[in-house]
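First up is the structure itself, then whatever we jot down about it.
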Amino acid sequence: MKIAVMGYGTIGSGVVDVLRINKEKITKRAGEPVDVKYILDLREFPGDPMEDAIVHDYQTIVNDPEIGIVVETMGGVEPAYTFVKAMLEAGKQVATSNKNLVAAKGAELIKIARDHNVNFQFEASVGGGIPIIRPLNKCLTADEIEEITGILNGTTNYMLTKMAEEGADFDEVLKDAQEKGYAEKDPTADIEGHDPCRKIAILTSLMCGRQVDFEDIHCEGITKITADDFKYAKVLNRSIKLLASSRKVGNSYSCMVAPFMLSAEHPLCGVNGVFNGIFVHGNVLGDAMFYGSGAGKLPTASAVVADIVDMTKHKNTNIYIDWSPEKLTLVDYKDSVNSFFVRTSSGKETIENAFGSVEYADAGIAGEIGFTTKDMTEAEFEKAAAQIEVRNRIRLG
Ligand SMILES: NC(=O)C1=CN([C@@H]2O[C@H](COP(=O)(O)OP(=O)(O)OC[C@H]3O[C@@H](n4cnc5c(N)ncnc54)[C@H](OP(=O)(O)O)[C@@H]3O)[C@@H](O)[C@H]2O)C=CC1
Ligand SMILES: N[C@@H](CC=O)C(=O)O
């Protein structure tokens, strides 16, 4: 099998490395050798062992009938969409790690692949090296999936872990995550939660078989989390995690991305560093957990290469993926029920007038108190919170 890699950055170069490191095993499992014929990138790579494979015009790949599989690891929607569409229409199979592309154009590209009897696969687009797309599409097909809640961003989980355990500074630990190759080209997508938002939109689309737009999902990142919040988390024996969740409500889903303070008993509480954890509940399966490296060069490339092996074994066979372009309208997140941790400078009488009975937490920070509320809807919380001064609030899990 001759393949091309579009985008020779962290993940694209990882794909080339994985194909070399595990060449023998991959050849055996794919049923034939997998060779990289072209690498498309904007730059030259003088001195790189793959220097001679570098091309700059995607049409070179489109027009070469020898290329059976194309890997897209450039990132972003354009020109990735134009290039991938052209590859599928030319009868080539495509594997991508690009969640921006999958969240925006997944349903359409799946259909184009089906119409041309090829495959569009995207295992690495959610959870880095953790298998989650194929399990949903192949192994959990007997179930109605009623909930997926996950730590779906390696960068922010790495940052929150370092901030909690070492008191690390936000900007420094973000720089560290960028140097390790975990962060997006524009890390705003990580720290503002847009990346896990796209990932939970992809997973929800696979849960329901319809298009879920990430723009419809309520999304909060970690930029408002401070060292003082970690002091309270310690007092409350909780950890702060950025969760992406999707729950079936009637015929629709309630989705949200936001930081949560998790109790020690929560299945995702102990997921630390660059690891991701994905909790899945099916109506007949019950609970399942997926856990592993959520970002980084080789773990993510491992998932891309698994797609290459799968597609090499399925030449001329489209593997059905249940994801139609028909849009699903999500339930209003303001109706979802949570309890909250709140930091305030307001007095206890004012707090209790607004929230009723609460439980207080004192982290020894001058001029403020923390408290936790009972369960309430988001709308009820907003109404009560408007009556006090709120320094920060984090949902409890
Ligand atoms: N890093 C990670 O841990 C993970 C990343 N992903 C996803 O994988 C994708 C790639 O990420 P990553 O490898 O980290 O990103 P990088 O920025 O490291 O690599 C992207 C590469 O593609 C090249 N490129 C960009 N635009 C074009 C173009 N128009 N034509 C040819 N080449 C182009 C870039 O060149 P240049 O540098 O010159 O712009 C760069 O070499 C993204 O979608 C990301 O979200 C998914 C899971 C994990
Ligand atoms: N920036 C992303 C990369 C993997 O999807 C992350 O940190 O999880």
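Easy rule for this one: first residue shown is 1, then count along the chain.
The backbone N, Cα and C atoms fix where each Cβ goes, glycine too.
A TrEMBL annotation is a machine prediction, not a hand-curated record.
Per TrEMBL, active site, proton donor is recorded for K199. The NADP(+) binding site annotation in TrEMBL covers M6, G7, Y8, G9, T10, I11, G12, S13. Per TrEMBL, the feature NADPH binding site maps to K99. Per TrEMBL, the feature L-homoserine binding site maps to E184. The domain 'Aspartate/homoserine dehydrogenase NAD-binding' annotation in TrEMBL covers 7-123. Under the heading domain 'Homoserine dehydrogenase catalytic', TrEMBL lists 131-309.
DSSP assigns M6 (NADP(+) binding site) to a strand segment in the three-state reduction. Residue pair the residue listed as 'L-homoserine binding site' / T10 (NADP(+) binding site) shows a Cα separation of 10 Å. Note: the Cα of G9 (NADP(+) binding site) and the Cα of K99 (NADPH binding site) are spaced 16 Å from each other. Per-residue pLDDT, averaged over the domain 'Homoserine dehydrogenase catalytic' (131-309), rounds to 98. Long-range C-beta contacts of G7 (NADP(+) binding site), restricted to its own chain and to partners at least six residues apart, with a cutoff below 8 Å, comprise L40, D41, E72, T73, M74, G75. If you take the CA of K199 (active site, proton donor) and look 10 A around it, the binding-site residues you hit from M6, Y8, T10, K99 are K99.
In this structure, the binding-site residues that sit close to ligand 1, with a C-beta under 6 angstroms from any of its atoms, are G7, T10, chosen from G7, T10, S13. In sequence order, V5, M6, I39, D41, V71, T73, M74 are the residues of the chain that are 6 or more apart from G12 (NADP(+) binding site) and have a CB within less than 8 Å of its CB. Using the Cβ center of M6, G7, Y8, G9, T10, I11, G12, S13 for NADP(+), the list of other same-chain residues with Cβ within 8 Å runs, in sequence order, V5, G14, V15, D41, T73, M74. In the vicinity of ligand 2, defined as a Cβ distance under 6 Å, the following of the binding-site residues T10, I11, S13, E184 are placed: E184. Distance from the CA of the residue listed as 'NADPH binding site' to the CA of Y8 (NADP(+) binding site) is 17 Å.
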